[in-house]
Amino acid sequence: MATKLQDGNIPCLAATPSEPRPTVLVFDSGVGGLSVYDEIRHLLPDLHYIYAFDNVAFPYGEKSEVFIVERVVEIVTAVQERYPLALAVVACNTASTVSLPALREKFDFPVVGVVPAIKPAARLTANGIVGLLATRGTVKRSYTHELIARFANECQIEMLGSAEMVELAEAKLHGEDVSLDALKRILRPWLRMKEPPDTVVLGCTHFPLLQEELLQVLPEGTRLVDSGAAIARRTAWLLEHEAPDAKSADANIAFCMAMTPEAEQLLPVLQRYGFETLEKLAVLD
């Protein structure tokens, strides 16, 4: 079986939810960003968290770059109008690769993006073969290829783009079983290789939600690498050194873009992650 790469022991701070805490937005097109939020919360439990997901335009992997940039800026603006933000995390690889410049130009608070963990994977691989598992959009974008050229030019990079895996992760959080046969079919190009990747980059924030199932399908000894812990450390540093004094004593809250039955069914899941309520955010559909 494969193994999940651990990032070491991360200290936790005592939470004081009744006091004003820095407000941090974690945004994704779907629920994949919860994997990043979980890493940040583990390191920084005493923040006021907002989780926003775009269930109207989900998934972003097949959308144009222009659409994604305009949409993400619009949503972050709408959240900022409700709650002044100390920091925002774009917990979506696809959105991060195209929207960060526009967000950083518009807002005066730090904006953290998520990029595939190519650099650490290149350092970890023993056989020199690294797999990148991401959306088709992330696989195709020039930013991803620039990361590979910069940090993994001596490695053999095998890329798989899958929208279906995003859907599988969403379904899992809705309580559905994940088909191992479906994962085997998606991963077939690697599973058929004489020497498959020994290190796999989870290049979509949805995919850590499937790590348990991936461990059952990938060859024994395969390492899974994602950027969640690194994003948490970056968030902590920015909050200490560069973030504005934007705080709230309110409870953590989640926003969807449309209050559909599917979104309502996510409330128990969101509550397990510490978000007491789910509201519709007023943006143009």
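Every residue gets a Cβ built from N, Cα and C, even glycine.
Per Swiss-Prot, these features apply:
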- Asp28, Ser29, Tyr60, Gly61, Asn93, Thr94, Thr205, His206: substrate binding site (BINDING)
- Cys92: active site, proton donor/acceptor (ACT_SITE)
- Cys204: active site, proton donor/acceptor (ACT_SITE)
Worksheet, complete the sentence: If you tally other C-beta atoms within 10 angstroms for each of the active-site residues Cys92, Cys204, the top scorer is Cys204
Fill in: Proximal but sequence-remote residues of the same chain as Ser29 (substrate binding site) (Cβ under 8 Å, at least 6 apart)
Phe53, Asp54, Ala57, Phe58, Pro59, Tyr60, Cys92, Thr94, Ala95
Worksheet entry | Neighbourhood of Thr205 (substrate binding site), C-beta criterion under 8 angstroms, separation at least six | Asp28, Gly32, Gly33, Ser35, Val36, Ala91, Cys92, Asn93, Val114, Asp226, Gly228
Worksheet item: For Gly61 (substrate binding site) and Cys204 (active site, proton donor/acceptor), what Cα-Cα distance in Å is obtained after rounding to a whole number?
Response: 10
Response to the item:
CB contacts under 8 angstroms to His206 (substrate binding site), restricted to the same chain and 6+ apart in sequence, sorted by sequence, are Gly30, Val31, Gly32, Ser35, Met165, Val166, Ala169, Glu170
Worksheet entry | Cβ-Cβ neighbours of Asp28 (substrate binding site) (radius 10 Å) | 29
Worksheet, complete the sentence: Within 10 A of the CB of Thr94 (substrate binding site), the number of other CB atoms across every chain shown is 29
Response to the item:
Per DSSP (three-state), Ser29 (substrate binding site) is coil
Worksheet item: Taking the center of the Cβ atoms of Asp28, Ser29, Tyr60, Gly61, Asn93, Thr94, Thr205, His206 at the recorded substrate site, which other residues in this chain have a Cβ no more than 8 Å from that point?
Response: Gly30, Gly32, Gly33, Pro59, Cys92, Ala95, Thr135, Thr138, Val166, Cys204
Worksheet, complete the sentence: Of all C-alpha pairs drawn from the substrate-binding set Asp28, Ser29, Tyr60, Gly61, Asn93, Thr94, Thr205, His206, the farthest apart lie at a distance in Å of 12
